[in-house]
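As written in TrEMBL, here are the features:
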DOMAIN    62-266  domain 'TLC'
TRANSMEM  27-53  transmembrane segment
TRANSMEM  74-94  transmembrane segment
TRANSMEM  114-131  transmembrane segment
TRANSMEM  138-157  transmembrane segment
TRANSMEM  163-184  transmembrane segment
TRANSMEM  196-223  transmembrane segment
TRANSMEM  235-255  transmembrane segment
């Protein structure tokens, strides 16, 4: 059994006040499943790409690694976006009118599973980033993944602030557009209409999921600050520090996306 320096929800505990073996096994299984899925999708991406895309075989080894890596990052993004959206909007787990307990202490088996799955993804992706550093991303990606894993782990083992973590995970919904942009670029399709349409979708998606959503995130925290203050100390201060750092990174990347879109649209206009 494991003891933690903060209060855990009752259903996480055995009669002795420790984390139950069932809950511990569930956490570990969720994380391992995330890693296994990433490895599987990585390999399948390579196999399918070799069969369906003529240009894949001409890529360098480094490009193939990134191509396959973006395959499992896209898969993870789609899974967490849909499940987060379901939990936040369709499920009654985080419906403020459906239950009497604090929204910052609400959890479910599905939310725990999703957080564990995401930890497995971030472990896999961070491992590849560090192994191939800096080919798959620089220090900003290491910082992003490190902060994300830290926050998700705290939310998982404490059962607190999962509502806010799910909002941040939903912002991963922009990842497929980022990856498609890279795929089109590497396939020499920067002059195609699909590249332009994807750029517009990326701009709009980023605006909604990583700018406007974070404004709602901070507004919700402010309105419910009486509940936020009841989160255990490390989790409370993490909520005050980590989201603003991620929001700043999102603003920086949004500025670069905006510049790229303006450049692409200008080029397309001049070529007509």
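Each residue, glycine too, has its Cβ placed from N, Cα and C.
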Proximity of the transmembrane segment (74-94) to the transmembrane segment (138-157), 3+ C-beta pairs under 8 angstroms: no
Criterion met for the transmembrane segment (138-157) and the transmembrane segment (196-223) (at least three Cβ pairs under 8 Å): no
Contacting positions for the transmembrane segment (114-131) when only residues 6+ beyond its ends and CB under 8 Å are counted: 26-39, 65, 69, 72-73, 76, 79-80, 83-84, 87, 137, 141-142, 145-146, 148-149, 152-153, 155-156, 162, 165-166, 169
Most Cβ pairs under 8 Å with the transmembrane segment (196-223), selected from 27-53, 163-184, 235-255: 163-184
